[in-house]
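Swiss-Prot has this to say about the protein:
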- 1-36: transit peptide (TRANSIT)
- 37-307: domain 'Deacetylase sirtuin-type' (DOMAIN)
- 58-77, 140-143, 249-251, 275-277, Cys293: NAD(+) binding site (BINDING)
- Tyr102, Arg105: substrate binding site (BINDING)
- His158: active site, proton acceptor (ACT_SITE)
- Cys166, Cys169, Cys207, Cys212: Zn(2+) binding site (BINDING)
Amino acid sequence: MRPLQIVPSRLISQLYCGLKPPASTRNQICLKMARPSSSMADFRKFFAKAKHIVIISGAGVSAESGVPTFRGAGGYWRKWQAQDLATPLAFAHNPSRVWEFYHYRREVMGSKEPNAGHRAIAECETRLGKQGRRVVVITQNIDELHRKAGTKNLLEIHGSLFKTRCTSCGVVAENYKSPICPALSGKGAPEPGTQDASIPVEKLPRCEEAGCGGLLRPHVVWFGENLDPAILEEVDRELAHCDLCLVVGTSSVVYPAAMFAPQVAARGVPVAEFNTETTPATNRFRFHFQGPCGTTLPEALACHENETVS
C-alpha cells in the first residue's frame, strides 16, 4: 500500500462530514500495517518529552458518562439513527422531528457529568501549561463535557448542542435554555412507537435578533455539510506542530476527523489510540490501549516523575 500523504489544508477545508472518506483522499490514507504496542511505560517516555500534545476525542469518551452515542446496535432514537436525522434534508423536510431529537439530547446532558477521562485530559492541560507545554483537544463531540471538565484549548469541530444558528440571518448564539422553547417542553421521548409532536414551525426555536425571528437550527455539523474552514485551519496547524497525538474514544470512521491521526503518524509522530476495541486505524498507530478511557487515560496522563511541578 502507498504511504499516507499529508492532505494540505486547502483540501481539508473543503471536506464534509461523513462516514466515508471523500473519493479524492481514499487512496491517501493507507499506512503499512504494524502491530501497535500496549506498553504504557514506553508511551510514558514519549509523554515525558512531548511539548505539544494533540488529543483527538470521539463519542466513546462521552459514552462513559452515559451520553447516548446513537451508534451501532441499539443506537436509535425512536426508529431513526442519527444519520437519518442529522442532515439538512431531514431538517428541511421535518424541522419539528429534528428539533425533538436535539431537544432530547440537550435535556439528557443536564444529568451528565465529565468522567475520569475528561478530567484527566483537563488536569493534564493545566499542569503541562504551567511547564510551557501545550495540550489541545480536537473533539468530534457536541456535548461540551470537555469544556465542563475544564479544558480550555478546545476545538469543537462538529459544533455544540448548546449553540444555535439562525437559518435567516446566520447569527450563532449560545443557548442553554431548558426547554429551548415552550413547545418542546416534555417532547423528544426516544422510545420506539412515540408519535412525532408535529410542532408548527412558527412555534419551534426562533431567532431573538431584532427584526429577525427566523427559524433556528442546532449549530452542529450535519452529515454532508462542510466543516468550518477556520476551525479546520486551526486543526491543521495543531496537527502540523504536535509531537505526540492521542486518539481517544473515536471509531475512526467519520471523516474528515478519521484522517487527522493518520496524518500525524505519517510524519513519524507517535500516536496512541485509547479505545474499548480496535478500530480500522489501530494498526496505523504506535500504541493501542484497550479499555475504558476513564481507566486508561488517568494513568497515561498522570504527572511523570521527570516533570517539574510548580
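Sequential numbering from 1, following the chain as shown.
Using N, Cα and C of the backbone, Cβ positions are placed for all residues, glycine too.
Ranking the binding-site residues Tyr102, Arg105, Cys166, Cys207, Cys212 by the distance of their Cα atoms from the Cα of Gly66 (NAD(+) binding site) places Arg105 first. Of all the binding-site residues listed (Ser62, Gln140, Thr276), Thr276 has the fewest other CB atoms within 10 A of its CB. Nearest neighbour of Cys207 (Zn(2+) binding site) by Cα distance, taken over the binding-site residues Gly58, Ser62, Phe70, Tyr102, Arg105: Tyr102. Cys166 (Zn(2+) binding site) sits 31 Å from Gly249 (NAD(+) binding site), counting Cα to Cα. Comparing CA positions across the binding-site residues Gly58, Cys212, Gly249, the one lying closest to His158 (active site, proton acceptor) turns out to be Gly58. Ranked by Cα separation from Arg105 (substrate binding site), the binding-site residues Gly58, Ser62, Gln140, Cys169, Gly249 are led by Ser62. Cβ neighbour counts within 10 Å, taken over all protein chains shown, single out Gly58 as the most crowded of the binding-site residues Gly58, Gly66.
Annotation for the binding-site residues Phe70, Tyr102: lowest Cβ count within 10 Å of the residue's own Cβ, Phe70. In sequence order, Cys207, Glu209, Cys212, Gly214 are the residues of the chain that are 6 or more apart from Cys169 (Zn(2+) binding site) and have a CB within less than 8 Å of its CB. Here the domain 'Deacetylase sirtuin-type' (37-307) returns a mean pLDDT of 96 for the predicted model. For the Zn(2+) site, the Cβ centre of Cys166, Cys169, Cys207, Cys212 serves as reference, and the other residues of the chain with Cβ at most 8 Å from it are Thr167, Ser168, Gly170, Val171, Glu208, Glu209, Gly213, Gly214, Leu216. In the three-state DSSP scheme, Phe70 (NAD(+) binding site) falls into the coil class.
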